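Per TrEMBL, the feature compositional bias 'Basic and acidic residues' maps to 1-10. According to TrEMBL, the region 'Disordered' annotation covers 1-89. The annotation compositional bias 'Low complexity' is assigned in TrEMBL to 14-34. Sequence annotations record features per position, and here TrEMBL assigns compositional bias 'Polar residues' to 35-81. For 106-111, 217-218, 267-271, 336-339, ALA391, the entry in TrEMBL reads GTP binding site. Annotated Mg(2+) binding site per TrEMBL: SER110, THR248, in sequence order.
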Amino acid sequence: MGLCSSKEETAPVGPTTGRTTANTATTASTEKTGNVTNSTLGTETHPVSQDNLNSHPRAQSASSRKQSIVPSETSLTSSNKAAAAAMQNGKDSHDYTKVLLLGTGESGKSTILQQLRILHSNGFSEQELFDFKPFIFSNIVSSAKDIVQAYRRFDVKLEESDQINESDFDDILAYQSPVDPSAHFDKNLALKIAALWKNASTTQLIMDHRQDFYLMDSAKYFFEELDRISQEDYIPSVTDIIRTRKKTSGIFDLKFELQGLKIHIFDVGGQRSERKKWIYCFDNVASIIFCVALSEYDQSLLEEKSQNRLEESLTLFDSVVNSRWFSKCSIILFLNKIDVFIEKLPYSPLEKYFPDYKGGNDVNKATKYILWRFSKVNRSGLPIYPYITQATDTNNMSLVFVVVKESIFANILQDTGLLS
């Protein structure tokens, strides 16, 4: 019922009006950068014509890259076989609707799954919170090392007035993050990392070279929480877990019920090395949630430094939306990390990386441009429901998923002929 079948052929490739269903129709501006919101989080969806999308003077489809990113079949590790079997079963005995969570690495997929667990499942036990400590410690240490290495890579000299010195740099680089959850974060190192973060030269370094080196989005949050995190009785909070970067390897799933609709959602790794596992997820999918990090427009892949992350996401989206595996699915497009996007747009111009964009640092225009780029590659004409999201904000995700439920349900009704 409303499910995508691997036996279906893809829609013809060629010019199409497609269907983009927007719940991001209106926006509100601020004096500096503007702000984009999902202004109407009701139950109705509003079809938007793509005529204005197709008329852009320099449409560059991600399909121009010849490499296909939809993988061929391969084997799964034993830890993933149970999840893979559940994926292939589609509707299980409890009549759950299967939803696939896709996107490139670090687009926010795992954070979304964690939010769903908090909002609609049993959340996290105290032991699970405790077991997250090594990942949080690793995030902090890795981010601090990235900054120190950037100092040296770009030959940024320390001033005599700085509260940190080269010896502190050496200590940070030499430190090995504890892997035992019962271990504590070194308080002396925490002071050095805090001084590094507060140093004026660090602020300038990030402003000048942020697009040239990788710093995880949650670095600021964790650096500012170092005093709490370095206490001996520290237990991670739910917010800490949501902010933690933990690479998805394999397949994770969650069953939950949202206003009467039973959903079984699957999250698979987004890095290129993980995408080969996706073949096991393709049968009997009702909807796909595709996650895009808006803020990655000025970043390169960890796996391939010459490849822009947003371009990679466009290429992957092209492979998904035009694949025969998903020819009867609806696509829920999460334009994620809007908070980071708003913050960086004024000092990292979008047009520097996408020259056909002419909207300056107006966040409304920039967001609509990126949505246009994704809509443009939808040659199969699948229904696309775009939402602007901040996956680390539980309240935002709670509101968004109320409307997402309606998008999934509408596709089920349409595919069964109950909704024309």
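For all residues, glycine too, the Cβ spot is worked out from N, Cα and C.
Positions of TrEMBL features highlighted on the structure.
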residue: GLU106; record: GTP binding site; CB count, 10 Å: 25
residue: LYS109; record: GTP binding site; CB count, 10 Å: 26
residue: SER110; record: Mg(2+) binding site; CB count, 10 Å: 24
residue: ASP217; record: GTP binding site; CB count, 10 Å: 20
residue: VAL268; record: GTP binding site; CB count, 10 Å: 26
residue: ILE338; record: GTP binding site; CB count, 10 Å: 24
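Note: the CA-CA distance between VAL268 (GTP binding site) and SER110 (Mg(2+) binding site) rounds to 9 Å. In the three-state DSSP reading, SER110 (Mg(2+) binding site) counts as helix.
The separation of SER110 (Mg(2+) binding site) from ILE338 (GTP binding site), Cα to Cα, is 17 Å.
For the recorded site, ILE338 (GTP binding site), the DSSP three-state label reads helix. Rounded to a whole number, the C-alpha distance linking SER110 (Mg(2+) binding site) with ASP217 (GTP binding site) is 14 angstrom.
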